[in-house]
Amino acid sequence: MGYLRSSFVFFLLSFVTYTYATSFEVRNNCPYTVWAASTPIGGGRRLDQGQTWVIDTPRGTKMARIWGRTNCNFDGAGRGSCQTGDCGGVLQCTGWGKPPNTLAEYALNQFNNLDFWDISLVDEFNIPMTFTPTNPSGGKCHSIQCTANINGECPGQLKVPGGCNNPCTTFGGQQHCCTQGPCGPTDWSRFFKQRCPDAYSYPQDDATSTFTCPSDSTNYRVVFCP
């Protein structure tokens, strides 16, 4: 009887976990290895071309992000470094990555039971990306992308090894970083917005860059080099 009760409780816990988790499928289509990172859920995973990683994320998770790291070298203990997106020299990220890194950001089951999500270039750009709800429902719940050749077209003042820096990182100041009140787009941020109109190009680029889906009706897919 105790065994049956334990099995039943385990089943219920598994059911609850499944029911109240949102799945993120991360896929690498790049012709090179990407070390995917995910915080606060997931950590990190090496993805060779064509490989996927599924992250089950509890609803209510917020301030979350998924990104790709490039040109990494880790030892058997998971310590090393990456040219872009490095998160403190470890494979299993617990903090945010070092720019430049293209970000998929999200907060699940927030206001009005909606998921809020976006692609952000505020931490610059290193890898082309799509971010897609698996059950799009129209309106602001549809696939978004940043697939332009930003690394190849990056202005010389923003260009860094492996990526393209954001003007806040390069120049600093309120005009670019928006840390002391309202701010607007600049010629530098427009470089990113013109090429990736779905993505955040500066910190207060909310109106055209934040997307929502009903929290109980979809999972998501992030693809590097779609």
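Cβ coordinates are placed from backbone N, Cα and C, and glycine is handled just like the others.
Other Cβ atoms within 10 Å of the Cβ of Cys225 (disulfide bond), summed over all protein chains shown, number 17. TrEMBL lists Cys30-Cys225 (among others) with the feature disulfide bond.
The local packing around Cys82 (disulfide bond), expressed as other Cβ atoms within 10 Å of its Cβ over all shown chains, amounts to 26. Sequence annotations record features per position, and here TrEMBL assigns disulfide bond to Cys72-Cys82 (among others).
The disulfide bond annotation in TrEMBL covers Cys87-Cys93 (among others). If you take the C-beta of Cys93 (disulfide bond) and look for same-chain residues 6 or more apart in sequence within under 8 angstroms, you find Ala37, Ser38, Thr39, Gly42, Gly43, Gly44, Cys87.
If you look up TrEMBL, you'll see Cys141-Cys213 (among others) marked as disulfide bond. Sequence-distant contacts (6 or more apart, same chain, Cβ under 8 Å) of Cys213 (disulfide bond) comprise Leu114, Asp115, Trp117, Pro133, Asn135, Pro136, Ser137, Lys140, Cys141.
If you draw a 10 Å sphere around the CB of Cys196 (disulfide bond), it holds 23 other CB atoms from the protein chains shown. TrEMBL lists Cys146-Cys196 (among others) with the feature disulfide bond.
TrEMBL lists Cys154-Cys164 (among others) with the feature disulfide bond. When other Cβ atoms within 10 Å of the Cβ of Cys154 (disulfide bond) are tallied across all protein chains shown, the result is 19.
Look at TrEMBL and you will find Cys168-Cys177 (among others) tagged as disulfide bond.
The annotation disulfide bond is assigned in TrEMBL to Cys178-Cys183 (among others).
What TrEMBL lists as signal peptide is 1-21.
Nearest in space to Cys164 (disulfide bond), taking C-alpha to C-alpha distance over the disulfide-bonded residues Cys177, Cys183, Cys196, is Cys196. Rounded to a whole number, the distance between the Cα atoms of Cys146 (disulfide bond) and Cys168 (disulfide bond) is 19 Å. Within 10 Å of the Cα of Cys177 (disulfide bond), the following disulfide-bonded residues from the list Cys154, Cys183, Cys225 place their own Cα: Cys183. Sequence-distant neighbours of Cys183 (disulfide bond): residues of the same chain at least 6 apart with a C-beta under 8 Å from its C-beta are Gln174, Gln175, His176, Cys177, Tyr202, Pro203, Gln204.
Here the disulfide-bonded residues are Cys72, Cys87, Cys141, Cys164, Cys168; the one with the fewest Cβ atoms within 10 Å of its Cβ is Cys141.
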